[in-house]
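Taken from TrEMBL, the feature active site applies to Asp90, Asp271. Feature annotation from TrEMBL assigns disulfide bond to Cys103-Cys107. Residues annotated as domain 'Peptidase A1' in TrEMBL: 72-301.
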Amino acid sequence: MISFHHAVASSNLFRIPIDRVRPHSSTTTNCTASVTNSTIKTCDVSSRTFGKISVAQSSVLESLVNEADAYFIGIILIGTPGQTFLIDFDTGSSDLWIPSSSCTSDCAGFNKYSSAKSTTYIFNGKPFSITYGDDSSVQGFLSIDTVTISGIAVKTQTFAQCTSLNGMNGNVNDGILGLAYPSLTRDGEKPVFYNMWSQGLISEAIFSFYLNADPNAISGGELIFGGVDSSKYTGSVTYIPVVLEGYWEFQMTSVTVGSTIVSGSAYAIADTGTTLIIGPVTEVTALNRALGGTLDSASGL
């Protein structure tokens, strides 16, 4: 996935590696991923559940973890000195939130932000609440501090300290960093990527994802801020216009399985926060029929 805003030429890239977390299957929740020397240390317990499924100089590369083939996470720092968080980089939302040190609901096992430990913290205090496509939600209040991604410091970034988490039990990621348009933010704040661009930290208003398709690879891929790594693809980039600035929404000509057209022209969004294909009942039913899929009553999928 490649997203552009008023791009100018540059050869420098900031890379955020994406490390892979092995898939898990049961409901054990007594293990969390930890970070040692800016490297994600994966959990060696063979089971976790994951609550979130919702509808990263001149450029930056962020390493990401493939979290149970459900979402990809990487490391960011908030505050001075930096406090470490494992973050889901989500193109299906626009806010940045992490658990607060004052979190009182379902916060066990997560890294928590303490404003008292940061010399660059600025009080905001406005209430914050967001609900995702799977009905998971968080509540808290807005704050301002420095957010550092792969060594690049984004100053005076507004984010949410969350005091209540709902439906997040078992998640490896501490929080979410939204990469969609500003219109999707809860309170009109400027998203991290937009601040990165306006503060001159990247020379191209581009971010791009490389997601490793090898299920046995340790690396899940990488998120690049400020450009595209041409070594990760062949041919040329195909440009698709955004039809509505909110989500990364585009128009599809059709959906086909073999020679069977299961849907005509339709609008879709590119969302790194979910692995699901979600659509109208008629079209999804036709797609499942063409693929030979059957309903799993236990999962509803």
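Backbone N, Cα and C define each Cβ position, glycine as well.
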Notebook entry, point to check: Going by C-alpha distance, which of the recorded positions Asp90, Cys103, Cys107 is nearest to Asp271 (active site)?
Noted result: Asp90
Next item on the list: Ten-angstrom check, please: count other Cβ atoms within 10 Å of the Cβ of Cys103 (disulfide bond), all chains counted.
Entry: 21
Next item on the list: Would you mind giving the whole-number mean pLDDT across the domain 'Peptidase A1' (72-301)?
Entry: 91
Checklist line | Chain-internal residues near Cys107 (disulfide bond), provided their CB is under 8 angstroms and they sit 6+ positions away | finding: Pro99, Leu165
Notebook entry, point to check: Just counting, how many other CB atoms are there within 10 A of the CB of Asp271 (active site)?
Noted result: 24
Next item on the list: Determine, to the nearest whole angstrom, how far the Cα atom of Cys103 (disulfide bond) is from the Cα atom of Asp90 (active site).
Entry: 22
